[in-house]
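According to TrEMBL, the protein has these features:
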ACT_SITE  Asp144  active site
BINDING   Leu91, Cys92, His93, Met129, Glu130  substrate binding site
DOMAIN    31-166  domain 'Molybdopterin cofactor biosynthesis C (MoaC)'
REGION    1-23  region 'Disordered'
Amino acid sequence: MARNSKGKTKAEPSGSGTALTHIDAKGEARMVDVSAKPATERTAVAEGRVVMSKATLALIETGQAKKGDVLATARIAGIMAAKRTSELIPLCHPLALTKVTIDITPDRKLPGCTVRASVKVTGPTGVEMEALTAVSVACLTIYDMVKAVDRGIRIEGIHLVEKIGGKSGHYRASA
């Protein structure tokens, strides 16, 4: 751990020069105080993939999965997950989200589905975790709904695509 100007320790990621905000001077986890931060418009976009057999993808596309409409169910699950992120991730703040969009695109070349979540808020902290949680749960829902017919399904590449707003500004993942 690095030491600040007062000799106190602070957690610092390797090579970044920036202290971790969820770790206090004693190295203990804590929830960040955002009460003094202004409410600004913030958006985060995350993406992931569910890779499966061509036959399983065909079941999803034709609406023949035994559990029902896989894509509609996954979309709703992703929205619900974004709204409940603070209940799942211990140090996340509860936020009044203003928009959650889940786009699921079947891709025969993969074969599988690409899941993309866009989350928006006007508030004192970002929504990256909400977007990542939405994608994760939507992908897990797809897996759950077709796992009986395809044990080889893989969830891959869940990552933050873009973050807009807040003190740290705009971030876009490299291609």
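Cβ coordinates come from backbone N, Cα and C, glycine included.
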In three-state DSSP terms, the structure that Met129 (substrate binding site) belongs to:
helix
Indicate the candidate from Glu130, Asp144 with the smallest number of other Cβ atoms within 10 Å of its Cβ, considering only these recorded positions.
Asp144
In sequence order, which residues at least six apart in the same chain have a CB under 8 Å from the CB of Leu91 (substrate binding site)?
His22, Ala29, Arg30, Met31, Val32
Quick one: pull the CA-CA distance for Glu130 (substrate binding site) versus Asp144 (active site), whole Å only.
21
Output, ordered by sequence, the same-chain residues six or more apart from Cys92 (substrate binding site) with a CB under 8 Å from its CB, or 'none'.
Thr85, Ser86, Met129, Glu130
Counting by DSSP secondary structure, give me helix, strand and coil numbers for the domain 'Molybdopterin cofactor biosynthesis C (MoaC)' (31-166).
46 helix, 44 strand, 46 coil
In whole Å, how far is His93 (substrate binding site) from Asp144 (active site) when you measure between their Cα atoms?
28
For the domain 'Molybdopterin cofactor biosynthesis C (MoaC)' (31-166), provide the mean pLDDT of the predicted model.
97
Quick one: which residues besides Leu91, Cys92, His93, Met129, Glu130 have a Cβ within 8 Å of the substrate site's Cβ centroid, in sequence order?
Thr85, Ser86, Ile89, Leu95, Thr125
So what sits near His93 (substrate binding site) in its own chain, CB-to-CB under 8 Å and at least six residues off in sequence?
Met31, Val32, Val34, Ser86, Pro124, Thr125
